[in-house]
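Per TrEMBL, the features are as follows:
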{"type": "DOMAIN", "residues": "3-67", "note": "domain 'J'"}
{"type": "DOMAIN", "residues": "130-212", "note": "domain 'CR-type'"}
{"type": "ZN_FING", "residues": "130-212", "note": "zinc finger"}
{"type": "BINDING", "residues": "Cys143, Cys146, Cys200, Cys203", "note": "Zn(2+) 1 binding site"}
{"type": "BINDING", "residues": "Cys160, Cys163, Cys186, Cys189", "note": "Zn(2+) 2 binding site"}
Amino acid sequence: MNDYYAELGLSRDASSEEIKRAYRKMARKLHPDVNPSDEAADQFKRVGQAYAVLGDPEKKASYDQGVDPYAPGGGAGAGFGGAGFSFSDIMDAFFTGGAAGASGGPRSRVQHGQDALLPLDIELSDAVFGGEVDLTFDTAVVCTTCHGDGSRPGTGKHTCDVCGGAGQTQQVQRSFLGQVLTSRPCTACDGYGDIIDSPCFECDGNGRKRETRTISIKVPAGVDTGTRIQLRGEGEVGHGGGPAGDLYVEVRVAKHPMFQRQGDDLHCSLELPMSAAALGASLPLETLDGPRDIDIQAGTQPGDVVTLKGLGVTRLRTESRGDLLVHANVRTPSKLTSEQADLLRQFAASRGEETPAPKFQSVNQGLLGKLRQAWKG
Ligand SMILES: [Zn+2]
Ligand SMILES: [Zn+2]
């Protein structure tokens, strides 16, 4: 395989801007109009080829995956002549973003792969803290036997003799309007312009094969069910080992046995015996951040909320977090022994509550008002 990064004097993580800059600089120095030596012409051609690949997002993605369109013995066919290019053509390529060579003619065997959308099941803790989640899926990958070329190793392709490599055949048809020239894809070569002498036995000439892959996906903190994550170039490899499409995963957060999410906050309910609500208590809660003590104030009412600041869900793309709200669910004992009933009667007597005063009030001051306060506070 040609090392196009080295050809441009770049490392493999060079940005598209760096690639463009490096090529522009070298093309200026090496162009035959500027430098007539044979050596320069040769290097100019190689540098041009390197840029034709690295300057084209699709070809680059494919090359980064190990498919070299200019590898000896096959590939996509050179789209960049190097020599014979005028200086302005090269500069034009920067502004159109293309690498030239894409015009009519036979269709390329190398096609862009399809995007894919898959569900990604994660735990609530992954959504809260972010995490790495493995995803196993069935996809199309570059054939390892022919590296996407489609030919059995050691064999090649020959120009289609039906269409002469054009990929199209033309027919003259007579109609009442006169003679009409129509062109259609050549059936002998499927429009490719060439024919594989001996198809690769592993991929049947497709250049790709099905495979089960497992990838580790970085899940950012704060995602929720329905959030989509884009993974560039992790989709299906195209026909002829063409650059892979993108993989999108749609997050599905599993139900947690204890905590329910509402926006950035987590909620849970704490069942409290009446006595603990009256006397106060400190109870351990296993939060997603580890054990915490929940302090129940003496005199806690049904629906009161204990807020643990910052123990909720991380807000997407920030460091800040919502809260964890514990809702007190005060339970009145429903089955009393006669001894317990006596104790409660004594308790009521000591508070002068043997016959409770009729304290009816509007709903606003009562339960609903309390709920409102809880949501505000
Ligand atoms: Zn193959
Ligand atoms: Zn043909």
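Placement of Cβ uses the backbone N, Cα and C atoms for every residue, glycine included.
Note that TrEMBL annotation is computational and uncurated.
By the rule that a residue counts when its Cβ sits under 6 Å from some atom of ligand 2, the binding-site residues Cys143, Cys146, Cys186, Cys200, Cys203 yield Cys186. Among the binding-site residues listed (Cys160, Cys163, Cys186, Cys189), Cys189 has its Cα nearest to the Cα of Cys203 (Zn(2+) 1 binding site). All chains included, 25 other C-beta atoms sit within 10 angstroms of the C-beta of Cys143 (Zn(2+) 1 binding site). Selection of the binding-site residues Cys160, Cys163, Cys186, Cys189 by a Cβ distance under 6 Å from ligand 1 yields an empty set. Using a 10 Å radius centred on the Cβ of Cys203 (Zn(2+) 1 binding site) and all shown protein chains, the other Cβ atoms total 24.
Excluding Cys160, Cys163, Cys186, Cys189, which define the Zn(2+) 2 site, the same chain contributes Pro106, Asp161, Val162, Gly164, Gly165, Ala166, Gly167, Gln168, Thr169, Thr187, Ala188, Asp190, Gly191, Tyr192, Gly193, Asp194, Ile195 within 8 Å (Cβ to the Cβ centroid), listed in sequence order.
Counting in whole angstrom, Cys200 (Zn(2+) 1 binding site) lies 22 from Cys186 (Zn(2+) 2 binding site) by their C-alpha atoms.
In the predicted model, the zinc finger (130-212) has a mean pLDDT of 90. The Cβ of Cys163 (Zn(2+) 2 binding site) has Pro106, Thr169, Cys186, Ala188, Cys189, Gly193 as same-chain neighbours under 8 Å, each 6 or more residues away in sequence.
In this structure, the C-alpha atom of Cys143 (Zn(2+) 1 binding site) lies 24 angstrom from that of Cys160 (Zn(2+) 2 binding site).
The residues of the zinc finger (130-212), classed with DSSP into helix (H, G, I), strand (E, B) and coil, number 0 helix, 41 strand, 42 coil.
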